[in-house]
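Marked as domain 'TLC' by TrEMBL: 33-249. Residues or ranges marked as transmembrane segment in TrEMBL: 76-94, 115-133, 145-167, 179-198, 218-237.
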Amino acid sequence: MLLTLASGALFFPGLFALSNWALRRLRPGWTDDDCLTVGTRLVSSVQAVLATGAGLTVITSCSNVVSDRHWLATEYVWFLIPYMIYDFYAMYLCEWCRTKDQNLRRVTIIRNFLIENRLMVTHHAVILFFLVPISQKLRGELGDFFVGCIFTAELSTPFVSLGRVLIQLKQQHTLLYKVNGILTVTTFLFCRILLFPFMYWSYGQQKGLSLLQVPFNIPLHCNVANAILISPQLYWFSLLCKKAARLFDTAKAKKDG
């Protein structure tokens, strides 16, 4: 555990520092804000690829979705904890860089950061203070398969990150931005929304239950936990769909004009 925590504490901030150092030399015309944004998104994408790989490994290794074990289901969570702490700081650093010319007090910057990023801050806090204890202690030796499923939700993150980078670099007019938008919505739908029915279906297959029977045959706290997890995903998905609709409406209007 301690070695894995230490590895994550070195890897993610180290990759962030390295990427920013490289970007400043490879792209001297970029602003500090550009370099920080791209560096932050790069680290997020690397973490997402690692999490997805760990999740798929766990899923494919568990023939019994309830009782089968895989070491990555617990070990990767320890590796993830330093990333969540680092990512919180990196988001604040990006906010500070965007507002440093305004000569705001640090307390004001922190307050604005917490208000503007309240959903993401809540998301990180829930993972650190609730999901980590559940995953590492409270669930006992059951449910590695479902932990692996949750890891794969990160598959959409590289596409979300690329979209943010393209916006930062004012590349919204490009074909890459439009294609990436389609991939973002698609991966988000399958890996963050439909993932939950898939987990219920997988449990039903193991226990001989239909999908609709599963919620009534598992502990209440499992349903509550899944409801808490999917709620922000539904909200973010609605925002993605609205953004995609505006994008293609704009493209259609330009074509018609």
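Using the three backbone atoms N, Cα and C, a Cβ is placed for every residue, glycine included.
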Checklist entry - What parts of the chain pack near the transmembrane segment (179-198), using Cβ distances under 8 Å and only residues at least 6 beyond its ends? => result 149-150, 152-156, 159-160, 162-163, 166, 211, 226, 229-230, 233-234, 236-237, 240-241, 243-244, 247
Checklist entry - If you average pLDDT over the domain 'TLC' (33-249), what do you get? => result 89
Checklist entry - Sequence-remote contacts (6 or more beyond its ends) of the transmembrane segment (76-94), Cβ cut-off under 8 Å? => result 1, 4-5, 7-9, 11-13, 16, 33, 36-37, 39-40, 43-44, 47, 50-51, 54, 109-110, 113, 117, 120-121, 124, 127-128, 132, 135-136, 147, 151
Checklist outcome for this item: Sequence-distant residues near the transmembrane segment (218-237) by C-beta distance (under 8 Å, 6 or more away from its ends) are 119, 122-123, 126, 134, 150, 153, 185, 188-189, 192-193, 196, 199, 203
Item to check | Remote residues contacting the transmembrane segment (145-167) - C-beta distance under 8 A, at least 6 residues beyond either end | outcome: 37-38, 41-42, 44-45, 47-49, 51-52, 54-59, 62, 64-66, 68, 70, 72-74, 76-77, 135, 174, 176-177, 180-181, 183-184, 187-188, 191-192, 195, 198-199, 202, 229, 233
